[in-house]
Amino acid sequence: MRSLRVPYSVLILLCFLFVIPFIPALLASLGGVWRFPLVIPEGWSFRAWEAVFRENSGTLSAIWTSLWIALCVTVINVLVSVPAAYALVRGNLRYRAAIEAILLAPIFVPALAVVMGIHLTFLRLGLTETVLGVVLVHLAPSMPYVIRAAMISFETMNRETEQAAQLLGAGPWSRFLFVILPHLRAGLVAGVTLSMLISLSQYSVTLLIGGGQVVTLPILLFPYISGGDTSIGSAYTLVFSAVALLLVISLDVALRGHYKKKGRSRV
Amino acid sequence: MSMWRRNKYALFVLPAFLLTITLFFGGLADGLLKSFGYFPAIGQDTLRLSFYQQALAERAFQDSLFLNLRVALLSTIFASILGITLALVLYAFQLRSKRPWLLRLLQLPLTIPHLAAGYFMVLVFSQSGLMARLAYAVGWIDAPAEFPVIVNDAFGWGMVVTYAWKEAPFVALLLYPVLARIGSGWYDTARIYGARPWNYISTILLPAIRPALLTASLIVFVYTLTAFEVPYLLGVTYPATLPVYAYQLYTSGNFEDRSQALAIFWLLTVVTLLFGWIAYRFYRKSYDRGWE
């Protein structure tokens, strides 16, 4: 058994490789003076962080706008994807393969291509520069992932459990709530997380449809990272990453933990 | 199956289907018509191929295409190599005892948005970035200008590095579940027959992950071919990657440019759909076939 063992140093090196990129951002956002040859900044300062969270900086409202849009997108995605995935896996539908291909196609097409096409139509319908318009264009790039995640869950669930519940007299709703939903948990955590993350990190699509009026976090921070103040750019990038990270962690804890407490966890 | 059951399932698919048809295929069709110069609002209601001809004839298009393919190909290769390494190391560490936090750690770069990842790379690799400072500290360079141009370079290394960092964990995460099904018993058996660790990796592990690797690298390739954010941040003004070039044309204002921008995106879409279809075939094949 000894010889397939990889030394810990390899693992630590790999971990380090993935942590390095965060270091200069931390140094730049907290450093007082960080001119060229300095590896470690001269003195420390919260200037950049104060600028980011200043009262009229718009950071907090941008975070809320981002999260609100991501939430709307995800709720719609879950509501339409769970039944669709169920039908695709269980339904024995005619043209099943074609329907599945149509639903998953947006994964392979650049969102910008679709949004440029739909832009003038949205303009006519008054959907540009609105949150609703932005939510609508975030749906196509994220929905296939939720459908796929839900499908995987249904595929691993055996029909007998459901039939047993039916035999014991459970109606369609209680079967869904107490048999299907708990089993869907792991798949839903993955799908919901992906959907939120995809919506959160959209830039070009939001810019084109939001027209600069719907200010999400990436829209707010872009001017700072494309040639603006390095310290503020770093602080914003760290905030952006932290929002994404906290979102993933809290979704994981909330959705997974709920069922764990009830003692139903198997995954 | 009764008529009602069948219709019930059709009803279940309907909302997702309608949303995809209107928002996705509607947008694509809308763009396709406009790429042929169809703008009834300004009296243009004939379909013309001229914008495709124009786009293909532009020197800027050819340069962009070349840059795009180079960046996508190199990113895919580096992300795949790094991803395989990561998955194998993870496998070796998990073989005897499970360490769930390792998987969690691996997912960290996956959650970081691409724009943020791109900017981190600027701070690490630019001529006044962390690497340049370290190079100065050990005496390799005397001024920022002596450090090689890695980000915002014409070759596209900045994008390649960003994608390799960002997509390697994605590749590893698709490969790891396949490896995890190969229990420690396999290794013990292989050793009885005299296999060295490298034999085990090359004849058992690598063939096992091949279908998943193909799917993963095709997804990375298609993504890096069409993504906008990272090239927009890390590219140079000329040549720009095709999505950035098309975006610049689109936002420059007049209808002719918009049609040409959409023509470019349509050419790109056809290519990606083709690759996507191949990826999907491979995925289904390996999925349907199962483990054996």
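Placement of Cβ uses the backbone N, Cα and C atoms for every residue, glycine included.
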Of A:130-152, A:176-198, which span is tagged transmembrane segment by TrEMBL?
A:176-198
Which range, A:7-28, A:205-226, does TrEMBL list as transmembrane segment?
A:205-226
With a cut-off of 8 Å between Cβ atoms, can you find at least three pairs linking the transmembrane segment (A:101-122) to the transmembrane segment (A:205-226)? Only pairs 6 or more residues apart in sequence count.
yes
Taking a Cβ cut-off under 8 Å, which residues six or more beyond the ends of the transmembrane segment (A:176-198) line up next to it in the same chain?
70-71, 73-74, 77-78, 81-82, 86, 138, 141-143, 145-150, 152-154, 157, 161-162, 165, 170, 244, 247-248, 251-252, 255-256, 259, 264, 267
Other than its close neighbours in sequence, what residues sit by the transmembrane segment (A:205-226), given a CB gap under 8 Å and a spacing of at least six beyond its ends?
58-59, 61-63, 65-66, 69, 111-112, 115-116, 119, 122, 127-131, 133-134, 137-138, 141, 232-233, 236-237, 239-240, 243
